[in-house]
Amino acid sequence: MASGILGSIKEEVTCPICLELLTEPLSLDCGHSFCQACITANHKESMLHQGERSCPLCRLPYQSENLRPNRHLASIVERLREVMLRPEERQNVDHCARHGEKLLLFCEQDGNIICWLCERSQEHRGHNTFLVEEVAQKYREKLQVALETMRQKQQDAEKLEADVRQEQASWKIQIQNDKTNIMAEFKQLRDILDCEESNELQNLEKEEKNILKRLVQSENDMVLQTQSVRVLISDLERRLQGSVVELLQDVDGVIKRIEKVTLQKPKTFLNEKRRVFRAPDLKRMLQVLKELTEVQRYWAHVTLVPSHPSYTIISEDGRQVRYQKPIRHLLVKVQYFYGVLGSPSITSGKHYWEVDVSNKRAWTLGVCVSLKCTANQSVSGTENYQPKNGYWVIGLRNAGNYRAFQSSFEFRDFLAGSRLTLSPPLIVPLFMTICPNRVGVFLDYEARTISFFNVTSNGFLIYKFSDCHFSYPVFPYFNPMTCELPMTLCSPSS
(Lines of atoms letter the chains of each structure in order from A and count residues from 1; the text may use other names and numbers.)
(Lines give C-alpha, C1' and ligand atoms only; values in the text may rest on other atoms or scores of the structure.)
Protein backbone atom coordinates (compact mmCIF):
# COMPACT_ATOMS: atom_id res chain seq x y z
CA MET A 1 0.00 0.00 0.00
CA ALA A 2 2.88 2.29 0.85
CA SER A 3 4.42 1.63 -2.56
CA GLY A 4 1.09 2.47 -4.24
CA ILE A 5 0.88 5.79 -2.42
CA LEU A 6 4.51 6.46 -3.29
CA GLY A 7 3.74 5.73 -6.95
CA SER A 8 0.79 8.14 -6.91
CA ILE A 9 2.92 10.91 -5.41
CA LYS A 10 5.65 10.22 -7.95
CA GLU A 11 3.11 10.53 -10.78
CA GLU A 12 1.94 13.89 -9.45
CA VAL A 13 5.47 15.32 -9.37
CA THR A 14 6.59 13.91 -12.73
CA CYS A 15 7.23 16.36 -15.59
CA PRO A 16 4.74 15.68 -18.46
CA ILE A 17 7.46 16.50 -21.01
CA CYS A 18 10.56 14.51 -19.93
CA LEU A 19 8.61 12.02 -17.70
CA GLU A 20 11.21 12.43 -14.94
CA LEU A 21 10.86 13.94 -11.49
CA LEU A 22 10.46 17.70 -11.72
CA THR A 23 13.69 19.70 -11.70
CA GLU A 24 13.35 23.36 -10.70
CA PRO A 25 9.58 23.19 -11.33
CA LEU A 26 7.79 26.18 -12.88
CA SER A 27 4.00 26.58 -12.81
CA LEU A 28 1.90 28.12 -15.61
CA ASP A 29 -1.26 30.22 -15.30
CA CYS A 30 -3.33 27.10 -16.04
CA GLY A 31 -1.86 25.27 -13.01
CA HIS A 32 0.31 22.73 -14.81
CA SER A 33 3.95 22.43 -13.78
CA PHE A 34 7.06 21.51 -15.76
CA CYS A 35 10.84 21.39 -15.41
CA GLN A 36 12.39 24.77 -16.06
CA ALA A 37 14.57 23.39 -18.89
CA CYS A 38 11.64 21.50 -20.45
CA ILE A 39 9.19 24.42 -20.53
CA THR A 40 11.94 26.76 -21.82
CA ALA A 41 12.72 24.43 -24.73
CA ASN A 42 9.01 23.97 -25.39
CA HIS A 43 8.59 27.76 -25.38
CA LYS A 44 11.12 28.12 -28.25
CA GLU A 45 9.48 25.33 -30.26
CA SER A 46 5.99 26.73 -29.64
CA MET A 47 7.04 30.21 -30.80
CA LEU A 48 8.71 28.75 -33.90
CA HIS A 49 5.68 26.74 -35.05
CA GLN A 50 2.67 28.55 -33.55
CA GLY A 51 3.90 32.08 -33.02
CA GLU A 52 2.73 32.09 -29.37
CA ARG A 53 3.44 30.36 -26.06
CA SER A 54 0.94 27.67 -24.98
CA CYS A 55 0.77 24.94 -22.32
CA PRO A 56 1.89 21.54 -23.73
CA LEU A 57 -1.02 19.83 -21.93
CA CYS A 58 -4.08 22.07 -22.20
CA ARG A 59 -2.79 24.44 -24.96
CA LEU A 60 -3.87 27.53 -23.03
CA PRO A 61 -1.67 30.53 -23.86
CA TYR A 62 0.63 32.00 -21.22
CA GLN A 63 3.11 34.84 -20.82
CA SER A 64 6.73 34.00 -20.04
CA GLU A 65 6.86 36.69 -17.37
CA ASN A 66 4.03 34.86 -15.52
CA LEU A 67 6.06 31.65 -15.05
CA ARG A 68 6.58 31.22 -11.31
CA PRO A 69 8.77 28.77 -9.36
CA ASN A 70 6.71 26.14 -7.49
CA ARG A 71 8.68 25.73 -4.25
CA HIS A 72 6.04 23.43 -2.77
CA LEU A 73 6.46 20.89 -5.59
CA ALA A 74 10.24 21.26 -5.42
CA SER A 75 10.13 20.37 -1.72
CA ILE A 76 7.95 17.30 -2.38
CA VAL A 77 10.30 16.11 -5.15
CA GLU A 78 13.32 16.54 -2.87
CA ARG A 79 11.72 14.46 -0.10
CA LEU A 80 10.53 11.84 -2.58
CA ARG A 81 14.07 11.39 -3.86
CA GLU A 82 15.29 10.91 -0.28
CA VAL A 83 12.65 8.23 0.34
CA MET A 84 13.46 6.41 -2.92
CA LEU A 85 17.13 6.27 -1.91
CA ARG A 86 16.41 4.59 1.45
CA PRO A 87 17.56 0.93 1.73
CA GLU A 88 14.10 -0.40 2.55
CA GLU A 89 12.61 1.32 -0.47
CA ARG A 90 15.48 0.10 -2.69
CA GLN A 91 14.77 -3.41 -1.33
CA ASN A 92 11.14 -3.04 -2.39
CA VAL A 93 12.35 -2.11 -5.84
CA ASP A 94 14.35 -5.38 -6.05
CA HIS A 95 11.29 -7.49 -5.14
CA CYS A 96 8.24 -8.40 -7.16
CA ALA A 97 5.36 -6.06 -6.41
CA ARG A 98 2.87 -8.94 -6.98
CA HIS A 99 4.53 -11.85 -5.17
CA GLY A 100 7.11 -10.18 -2.93
CA GLU A 101 9.83 -12.49 -4.25
CA LYS A 102 13.24 -11.29 -5.36
CA LEU A 103 13.50 -10.35 -9.03
CA LEU A 104 16.10 -12.78 -10.43
CA LEU A 105 14.86 -13.60 -13.95
CA PHE A 106 14.54 -11.70 -17.25
CA CYS A 107 11.69 -12.43 -19.68
CA GLU A 108 12.94 -11.98 -23.26
CA GLN A 109 9.42 -11.71 -24.76
CA ASP A 110 8.23 -9.01 -22.33
CA GLY A 111 11.63 -7.36 -21.89
CA ASN A 112 11.18 -7.14 -18.13
CA ILE A 113 12.52 -8.70 -14.92
CA ILE A 114 10.32 -11.17 -13.05
CA CYS A 115 10.43 -13.50 -10.04
CA TRP A 116 10.31 -17.30 -10.14
CA LEU A 117 6.57 -17.28 -9.37
CA CYS A 118 5.93 -14.98 -12.31
CA GLU A 119 7.86 -17.40 -14.55
CA ARG A 120 5.48 -20.21 -13.57
CA SER A 121 2.37 -18.12 -14.04
CA GLN A 122 0.10 -18.43 -17.07
CA GLU A 123 1.22 -14.94 -18.18
CA HIS A 124 4.82 -16.01 -18.84
CA ARG A 125 4.24 -19.68 -19.75
CA GLY A 126 6.39 -20.66 -22.75
CA HIS A 127 8.51 -17.46 -22.59
CA ASN A 128 12.29 -17.53 -22.75
CA THR A 129 13.72 -16.50 -19.39
CA PHE A 130 17.30 -15.96 -18.26
CA LEU A 131 19.07 -15.07 -15.07
CA VAL A 132 19.54 -11.33 -14.84
CA GLU A 133 23.31 -11.78 -14.56
CA GLU A 134 23.34 -13.62 -17.91
CA VAL A 135 21.63 -10.87 -19.93
CA ALA A 136 22.86 -7.80 -18.02
CA GLN A 137 26.08 -7.44 -20.04
CA LYS A 138 24.23 -7.91 -23.34
CA TYR A 139 21.72 -5.18 -22.58
CA ARG A 140 24.39 -3.03 -20.99
CA GLU A 141 26.20 -3.05 -24.32
CA LYS A 142 22.96 -2.31 -26.18
CA LEU A 143 22.20 0.55 -23.85
CA GLN A 144 25.76 1.82 -24.20
CA VAL A 145 25.36 1.85 -27.99
CA ALA A 146 21.98 3.53 -27.57
CA LEU A 147 23.59 6.09 -25.26
CA GLU A 148 26.29 6.89 -27.82
CA THR A 149 23.63 7.15 -30.53
CA MET A 150 21.55 9.51 -28.42
CA ARG A 151 24.58 11.60 -27.55
CA GLN A 152 25.32 11.93 -31.27
CA LYS A 153 21.69 12.83 -31.89
CA GLN A 154 21.93 15.36 -29.09
CA GLN A 155 24.92 16.94 -30.83
CA ASP A 156 23.03 16.90 -34.12
CA ALA A 157 19.99 18.43 -32.45
CA GLU A 158 22.12 21.14 -30.85
CA LYS A 159 23.76 21.83 -34.22
CA LEU A 160 20.35 22.07 -35.88
CA GLU A 161 19.24 24.43 -33.13
CA ALA A 162 22.39 26.51 -33.62
CA ASP A 163 21.83 26.52 -37.40
CA VAL A 164 18.29 27.78 -36.92
CA ARG A 165 19.51 30.50 -34.58
CA GLN A 166 22.25 31.45 -37.02
CA GLU A 167 19.76 31.54 -39.88
CA GLN A 168 17.43 33.63 -37.74
CA ALA A 169 20.25 36.09 -37.00
CA SER A 170 21.24 36.13 -40.67
CA TRP A 171 17.67 36.88 -41.71
CA LYS A 172 17.45 39.67 -39.16
CA ILE A 173 20.63 41.24 -40.56
CA GLN A 174 19.40 40.81 -44.13
CA ILE A 175 15.99 42.31 -43.34
CA GLN A 176 17.66 45.21 -41.52
CA ASN A 177 19.93 45.81 -44.52
CA ASP A 178 16.89 45.73 -46.80
CA LYS A 179 15.14 48.23 -44.53
CA THR A 180 18.20 50.49 -44.64
CA ASN A 181 18.40 50.25 -48.43
CA ILE A 182 14.66 50.91 -48.82
CA MET A 183 14.86 53.94 -46.55
CA ALA A 184 17.90 55.22 -48.47
CA GLU A 185 16.18 54.71 -51.85
CA PHE A 186 13.02 56.49 -50.73
CA LYS A 187 15.10 59.28 -49.18
CA GLN A 188 16.77 59.74 -52.56
CA LEU A 189 13.33 59.81 -54.16
CA ARG A 190 12.12 62.41 -51.68
CA ASP A 191 15.27 64.48 -52.20
CA ILE A 192 14.79 64.31 -55.97
CA LEU A 193 11.12 65.27 -55.68
CA ASP A 194 11.94 68.10 -53.26
CA CYS A 195 14.57 69.39 -55.68
CA GLU A 196 12.21 69.13 -58.65
CA GLU A 197 9.41 70.81 -56.69
CA SER A 198 11.72 73.66 -55.69
CA ASN A 199 12.89 74.12 -59.29
CA GLU A 200 9.35 74.05 -60.66
CA LEU A 201 8.18 76.60 -58.09
CA GLN A 202 11.16 78.84 -58.87
CA ASN A 203 10.41 78.66 -62.58
CA LEU A 204 6.76 79.41 -61.87
CA GLU A 205 7.72 82.42 -59.76
CA LYS A 206 9.95 83.71 -62.57
CA GLU A 207 7.12 83.25 -65.05
CA GLU A 208 4.72 85.02 -62.69
CA LYS A 209 7.07 87.99 -62.26
CA ASN A 210 7.64 88.26 -66.00
CA ILE A 211 3.94 88.07 -66.90
CA LEU A 212 2.82 90.42 -64.13
CA LYS A 213 5.54 92.92 -65.01
CA ARG A 214 4.41 93.03 -68.63
CA LEU A 215 0.74 93.19 -67.60
CA VAL A 216 1.45 96.12 -65.26
CA GLN A 217 3.19 97.92 -68.13
CA SER A 218 0.22 97.13 -70.36
CA GLU A 219 -2.14 98.44 -67.69
CA ASN A 220 -0.17 101.71 -67.49
CA ASP A 221 -0.37 102.05 -71.27
CA MET A 222 -4.15 101.54 -71.16
CA VAL A 223 -4.48 104.17 -68.41
CA LEU A 224 -2.59 106.71 -70.54
CA GLN A 225 -4.71 105.80 -73.55
CA THR A 226 -7.94 106.31 -71.56
CA GLN A 227 -6.69 109.66 -70.27
CA SER A 228 -5.92 110.82 -73.84
CA VAL A 229 -9.45 109.88 -74.96
CA ARG A 230 -10.93 111.75 -72.00
CA VAL A 231 -8.94 114.88 -72.90
CA LEU A 232 -10.32 114.80 -76.45
CA ILE A 233 -13.87 114.26 -75.16
CA SER A 234 -13.53 117.23 -72.80
CA ASP A 235 -12.30 119.41 -75.68
CA LEU A 236 -15.27 118.37 -77.86
CA GLU A 237 -17.80 119.02 -75.09
CA ARG A 238 -16.27 122.45 -74.42
CA ARG A 239 -16.51 123.40 -78.13
CA LEU A 240 -20.12 122.21 -78.41
CA GLN A 241 -21.20 124.14 -75.34
CA GLY A 242 -19.22 127.31 -76.18
CA SER A 243 -19.59 130.11 -78.72
CA VAL A 244 -19.40 129.78 -82.48
CA VAL A 245 -15.86 131.13 -82.41
CA GLU A 246 -14.82 128.44 -79.93
CA LEU A 247 -16.61 125.80 -81.99
CA LEU A 248 -14.88 126.65 -85.26
CA GLN A 249 -11.43 127.53 -83.95
CA ASP A 250 -8.95 124.90 -85.39
CA VAL A 251 -11.92 122.61 -86.00
CA ASP A 252 -10.18 120.79 -88.89
CA GLY A 253 -7.17 119.99 -86.70
CA VAL A 254 -9.42 118.63 -83.94
CA ILE A 255 -11.31 116.43 -86.41
CA LYS A 256 -8.04 115.09 -87.86
CA ARG A 257 -6.72 114.26 -84.37
CA ILE A 258 -9.95 112.40 -83.55
CA GLU A 259 -9.79 110.47 -86.82
CA LYS A 260 -6.23 109.38 -85.98
CA VAL A 261 -7.23 108.01 -82.60
CA THR A 262 -6.86 104.21 -82.67
CA LEU A 263 -7.28 102.24 -79.49
CA GLN A 264 -4.37 99.92 -78.77
CA LYS A 265 -5.44 96.59 -77.35
CA PRO A 266 -3.59 95.37 -74.26
CA LYS A 267 -1.06 92.58 -74.59
CA THR A 268 -2.46 89.29 -73.38
CA PHE A 269 -0.83 85.95 -72.65
CA LEU A 270 -2.49 82.88 -74.02
CA ASN A 271 -2.52 79.78 -71.82
CA GLU A 272 -1.43 77.69 -74.79
CA LYS A 273 1.89 79.52 -74.84
CA ARG A 274 2.56 78.98 -71.18
CA ARG A 275 5.10 76.47 -69.99
CA VAL A 276 3.22 73.27 -69.23
CA PHE A 277 4.11 71.41 -66.05
CA ARG A 278 4.86 67.75 -66.50
CA ALA A 279 5.39 65.34 -63.64
CA PRO A 280 9.05 64.30 -63.38
CA ASP A 281 10.11 60.96 -64.84
CA LEU A 282 11.16 59.24 -61.62
CA LYS A 283 12.39 56.14 -63.42
CA ARG A 284 14.75 58.19 -65.55
CA MET A 285 15.84 60.25 -62.56
CA LEU A 286 16.69 57.13 -60.58
CA GLN A 287 18.60 55.72 -63.54
CA VAL A 288 20.57 58.97 -63.83
CA LEU A 289 21.24 58.99 -60.09
CA LYS A 290 22.36 55.36 -60.28
CA GLU A 291 24.81 56.23 -63.06
CA LEU A 292 26.19 59.14 -61.02
CA THR A 293 26.56 56.93 -57.95
CA GLU A 294 28.37 54.35 -60.08
CA VAL A 295 30.99 56.80 -61.40
CA GLN A 296 31.44 58.38 -57.96
CA ARG A 297 33.00 55.08 -56.89
CA TYR A 298 36.09 56.21 -58.82
CA TRP A 299 36.53 59.48 -56.92
CA ALA A 300 40.10 60.71 -57.37
CA HIS A 301 42.04 62.99 -55.03
CA VAL A 302 42.99 65.91 -57.27
CA THR A 303 45.07 68.92 -56.28
CA LEU A 304 45.77 72.03 -58.32
CA VAL A 305 49.30 72.67 -59.55
CA PRO A 306 50.60 76.17 -60.40
CA SER A 307 51.64 76.34 -64.03
CA HIS A 308 53.43 78.98 -66.07
CA PRO A 309 52.73 82.62 -65.08
CA SER A 310 49.02 83.25 -65.24
CA TYR A 311 46.28 85.41 -63.85
CA THR A 312 45.22 82.75 -61.34
CA ILE A 313 45.76 82.23 -57.62
CA ILE A 314 45.71 78.74 -56.08
CA SER A 315 44.86 78.23 -52.40
CA GLU A 316 47.43 76.76 -50.00
CA ASP A 317 45.65 73.41 -49.85
CA GLY A 318 45.62 73.20 -53.65
CA ARG A 319 41.84 72.79 -53.78
CA GLN A 320 40.73 76.21 -55.05
CA VAL A 321 41.65 78.51 -57.93
CA ARG A 322 40.43 82.00 -58.72
CA TYR A 323 41.15 84.77 -61.23
CA GLN A 324 43.31 87.72 -60.25
CA LYS A 325 43.28 90.95 -62.20
CA PRO A 326 46.68 91.72 -63.78
CA ILE A 327 48.80 94.59 -62.56
CA ARG A 328 48.82 97.25 -65.26
CA HIS A 329 52.49 98.17 -65.12
CA LEU A 330 53.73 94.59 -65.63
CA LEU A 331 55.26 94.14 -69.06
CA VAL A 332 54.87 90.35 -69.14
CA LYS A 333 51.87 89.34 -71.18
CA VAL A 334 50.12 86.25 -69.82
CA GLN A 335 47.29 84.37 -71.51
CA TYR A 336 44.86 83.70 -68.67
CA PHE A 337 42.72 81.27 -70.64
CA TYR A 338 45.32 78.49 -70.25
CA GLY A 339 44.13 77.97 -66.68
CA VAL A 340 45.75 75.43 -64.33
CA LEU A 341 46.14 71.65 -64.25
CA GLY A 342 45.27 69.10 -61.61
CA SER A 343 47.61 66.47 -60.24
CA PRO A 344 48.36 63.59 -60.61
CA SER A 345 48.54 62.91 -64.33
CA ILE A 346 46.29 60.18 -65.72
CA THR A 347 47.58 57.40 -67.96
CA SER A 348 45.03 54.64 -67.29
CA GLY A 349 41.93 53.66 -65.35
CA LYS A 350 38.74 55.43 -64.34
CA HIS A 351 38.78 58.75 -62.48
CA TYR A 352 36.08 61.09 -61.16
CA TRP A 353 36.16 64.53 -59.53
CA GLU A 354 33.68 67.32 -58.80
CA VAL A 355 34.09 71.08 -59.09
CA ASP A 356 32.04 73.72 -57.28
CA VAL A 357 31.30 76.63 -59.65
CA SER A 358 28.54 78.26 -57.60
CA ASN A 359 27.59 81.82 -58.59
CA LYS A 360 30.35 82.09 -61.22
CA ARG A 361 29.46 83.95 -64.42
CA ALA A 362 32.17 82.21 -66.44
CA TRP A 363 34.32 79.09 -66.15
CA THR A 364 35.89 76.31 -68.21
CA LEU A 365 36.81 72.84 -66.99
CA GLY A 366 37.53 69.35 -68.22
CA VAL A 367 40.65 67.45 -69.28
CA CYS A 368 43.72 68.41 -71.28
CA VAL A 369 47.22 67.18 -72.06
CA SER A 370 50.24 69.04 -70.72
CA LEU A 371 49.99 72.79 -71.30
CA LYS A 372 53.48 72.70 -72.78
CA CYS A 373 52.22 70.28 -75.42
CA THR A 374 49.12 72.30 -76.25
CA ALA A 375 50.14 75.92 -75.85
CA ASN A 376 50.06 77.71 -79.16
CA GLN A 377 51.43 81.16 -78.49
CA SER A 378 49.94 82.48 -81.73
CA VAL A 379 46.42 81.53 -80.66
CA SER A 380 44.34 83.69 -78.36
CA GLY A 381 40.98 83.36 -76.68
CA THR A 382 39.40 79.91 -76.67
CA GLU A 383 40.71 78.68 -80.03
CA ASN A 384 42.98 76.15 -78.29
CA TYR A 385 39.88 74.52 -76.75
CA GLN A 386 39.54 71.64 -79.18
CA PRO A 387 40.06 67.87 -78.76
CA LYS A 388 42.51 67.89 -81.68
CA ASN A 389 44.58 70.39 -79.67
CA GLY A 390 44.41 68.24 -76.53
CA TYR A 391 41.44 69.93 -74.77
CA TRP A 392 38.17 68.19 -73.86
CA VAL A 393 36.32 70.93 -72.00
CA ILE A 394 32.95 72.56 -71.43
CA GLY A 395 32.29 76.01 -70.04
CA LEU A 396 30.02 78.89 -69.12
CA ARG A 397 30.03 82.39 -70.57
CA ASN A 398 28.02 85.48 -69.61
CA ALA A 399 26.27 83.68 -66.72
CA GLY A 400 23.89 81.71 -68.94
CA ASN A 401 25.65 80.56 -72.10
CA TYR A 402 26.74 76.96 -71.52
CA ARG A 403 28.73 75.29 -74.26
CA ALA A 404 31.06 72.45 -75.20
CA PHE A 405 34.10 72.82 -77.43
CA GLN A 406 34.57 70.36 -80.30
CA SER A 407 37.22 70.23 -83.00
CA SER A 408 36.56 72.20 -86.15
CA PHE A 409 37.40 70.47 -89.42
CA GLU A 410 38.34 72.78 -92.25
CA PHE A 411 40.13 72.06 -95.49
CA ARG A 412 43.04 74.25 -94.43
CA ASP A 413 43.46 72.05 -91.34
CA PHE A 414 43.81 69.02 -93.60
CA LEU A 415 46.39 70.81 -95.74
CA ALA A 416 48.30 72.04 -92.70
CA GLY A 417 48.75 68.47 -91.45
CA SER A 418 49.23 69.80 -87.92
CA ARG A 419 47.37 69.21 -84.66
CA LEU A 420 47.55 72.88 -83.73
CA THR A 421 45.71 75.15 -86.13
CA LEU A 422 44.23 78.59 -86.07
CA SER A 423 40.68 77.50 -86.92
CA PRO A 424 38.23 78.29 -84.11
CA PRO A 425 36.55 75.41 -82.24
CA LEU A 426 33.11 74.14 -83.03
CA ILE A 427 30.83 75.54 -80.32
CA VAL A 428 28.11 73.14 -79.13
CA PRO A 429 25.38 74.98 -77.16
CA LEU A 430 24.31 73.23 -73.96
CA PHE A 431 20.81 73.79 -72.60
CA MET A 432 20.34 73.49 -68.84
CA THR A 433 17.01 73.11 -67.09
CA ILE A 434 18.85 73.58 -63.81
CA CYS A 435 22.09 75.56 -63.78
CA PRO A 436 24.88 73.45 -62.24
CA ASN A 437 26.53 74.61 -59.05
CA ARG A 438 28.59 71.42 -59.01
CA VAL A 439 29.94 69.69 -62.10
CA GLY A 440 31.19 66.10 -62.02
CA VAL A 441 33.88 64.98 -64.47
CA PHE A 442 34.37 61.27 -65.23
CA LEU A 443 37.33 60.07 -67.31
CA ASP A 444 37.47 56.47 -68.54
CA TYR A 445 40.94 56.22 -70.07
CA GLU A 446 40.53 52.76 -71.62
CA ALA A 447 37.05 53.53 -72.99
CA ARG A 448 38.37 56.89 -74.29
CA THR A 449 35.39 58.84 -72.93
CA ILE A 450 35.02 61.99 -70.81
CA SER A 451 31.59 62.70 -69.28
CA PHE A 452 30.29 65.80 -67.49
CA PHE A 453 27.46 65.53 -64.94
CA ASN A 454 25.16 68.16 -63.43
CA VAL A 455 25.42 67.09 -59.79
CA THR A 456 23.04 69.89 -58.80
CA SER A 457 20.36 68.29 -61.00
CA ASN A 458 20.68 64.79 -59.50
CA GLY A 459 23.48 63.83 -61.87
CA PHE A 460 21.98 64.46 -65.31
CA LEU A 461 24.53 64.12 -68.11
CA ILE A 462 25.63 67.51 -69.45
CA TYR A 463 27.92 66.36 -72.26
CA LYS A 464 30.12 63.44 -73.28
CA PHE A 465 33.27 63.27 -75.40
CA SER A 466 33.76 59.91 -77.13
CA ASP A 467 36.65 58.37 -79.08
CA CYS A 468 39.16 60.59 -77.32
CA HIS A 469 42.75 60.10 -78.48
CA PHE A 470 45.10 60.35 -75.50
CA SER A 471 48.59 60.45 -77.04
CA TYR A 472 50.05 62.02 -73.88
CA PRO A 473 49.29 61.75 -70.16
CA VAL A 474 46.21 63.87 -69.44
CA PHE A 475 45.38 66.15 -66.53
CA PRO A 476 42.24 67.66 -64.97
CA TYR A 477 41.88 71.22 -66.28
CA PHE A 478 40.42 74.30 -64.56
CA ASN A 479 39.99 77.86 -65.84
CA PRO A 480 38.16 80.43 -63.67
CA MET A 481 38.12 82.83 -66.66
CA THR A 482 37.81 86.51 -65.71
CA CYS A 483 35.25 85.88 -62.97
CA GLU A 484 36.89 86.48 -59.58
CA LEU A 485 34.72 83.94 -57.74
CA PRO A 486 36.66 80.70 -57.09
CA MET A 487 36.42 77.23 -58.57
CA THR A 488 36.71 74.66 -55.78
CA LEU A 489 37.50 70.96 -55.90
CA CYS A 490 34.92 69.06 -53.84
CA SER A 491 35.62 66.21 -51.44
CA PRO A 492 33.50 63.02 -51.46
CA SER A 493 32.00 63.91 -48.07
CA SER A 494 30.98 67.45 -49.03
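Each residue's number is its place along the chain shown, starting with 1.
Backbone N, Cα and C define each Cβ position, glycine as well.
Ranges compared are 15-59, 240-284, 285-329, and Swiss-Prot records zinc finger for 15-59. Looking at 91-132, 133-174, 385-426, the stretch flagged in Swiss-Prot as zinc finger turns out to be 91-132. Other than C96, H99, C118, H124, the residues of this chain whose Cβ falls within 8 Å of the Cβ centroid of the Zn(2+) site are, in sequence order, R98, E101, I114, C115, W116, L117, E119, S121. Comparing Cβ neighbour counts within 10 Å across the binding-site residues H99, H124, the minimum falls on H99. The Cβ of C118 (Zn(2+) binding site) lies under 8 Å from the Cβ of C96, R98, H99, L105, C107, H124, each of these being in the same chain and 6 or more residues away along the sequence. In the predicted model, residues of the zinc finger (15-59) average a pLDDT of 83. Helix, strand and coil counts under DSSP for the region 'Required for interaction with GABARAP and for autophagy' (186-199) come to 14 helix, 0 strand, 0 coil.
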